[in-house]
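Features of the protein shown, as given by TrEMBL:
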| type | residues | note |
| --- | --- | --- |
| TRANSMEM | 7-25 | transmembrane segment |
| TRANSMEM | 45-64 | transmembrane segment |
| TRANSMEM | 85-105 | transmembrane segment |
| TRANSMEM | 125-144 | transmembrane segment |
| TRANSMEM | 156-174 | transmembrane segment |
| TRANSMEM | 194-211 | transmembrane segment |
Amino acid sequence: MTRTSTCIYHFLVFSWYVFLNFHISQQAGDPRKSKLFINGGQWKYLTFLNLLLQAIFYGVACLEDVLKITTGKKDIKLVTAFRDLLFTTLAFPMSTFVFLSFWSLFLYDRELVYPKAMDDLFPVWLNHALHTSILPFSLVEVILRPHCYPLKKKGLTFLAAAILAYVSRVLWIYSETGTWVYPVFAKLSPMGLAAFFSLSYIFIVSIYLFGEKLNHWKWGDVMQLSSKRK
């Protein structure tokens, strides 16, 4: 794709995620839905945090495209580096994890993650916008352009810090309110909860490593500067 086409694509996806974030923010005012956002607000849900993350990433990607077009440069070092770090360590792993974990639990027992009663609150299109389309967008981004992965130690540390921050928030909300963010957590014993979080961490690290392999498979050694230092 040309720079202009890539810029238009990034702008459209960015606009889509901005729309979704705005739409969700308006739901708190609906009496039927407001109870979903008590004790932590919408940001207690990984799904909504991922929406914000994707909006930020595609906003940065669009900004980089615009700067490249207007300056004629192949790289805008700081912006490009931030874009790559954001996509490789957070945007791709998180979107893939949300997609796979949500639909796995949904197919096993939807009451554990998305009770049937929620069908009356959120339309089907919104459910798929939150939990399905996020993966195709990330895969298109992998195919669209190469991304320079950081050193494994740096990348995994960044990812682990984000995971730890979210898990800490989930546990804090429970300690303060006595309610779990997701119904599945209430079904688990302390040991079961520890096992669940540990397996989820291993799973998302595997997704990170898969993303790195996928990027290398599509683009070879293009922009894989970090591979020389591993």
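Every residue gets a Cβ built from N, Cα and C, even glycine.
These figures come from a predicted structure and were not determined experimentally.
Contact between the transmembrane segment (156-174) and the transmembrane segment (85-105) holds: at least three of their C-beta pairs are under 8 Å, each pair 6 or more apart in sequence. If you look at the transmembrane segment (45-64), the same-chain residues 6 or more away from its ends with a CB under 8 A from one of its CBs are 7, 10-11, 13-14, 17-18, 20-21, 24, 76, 79-80, 82-83, 86-87, 90-91, 94-95, 98, 102, 130-131, 134, 137, 141, 166, 181. A Cβ distance under 8 Å defines the sequence-distant neighbours of the transmembrane segment (194-211), meaning residues of its chain 6+ beyond its ends; these are 88-89, 92-94, 96-97, 100-101, 142, 155-156, 159-160, 163, 167, 184-185, 188.
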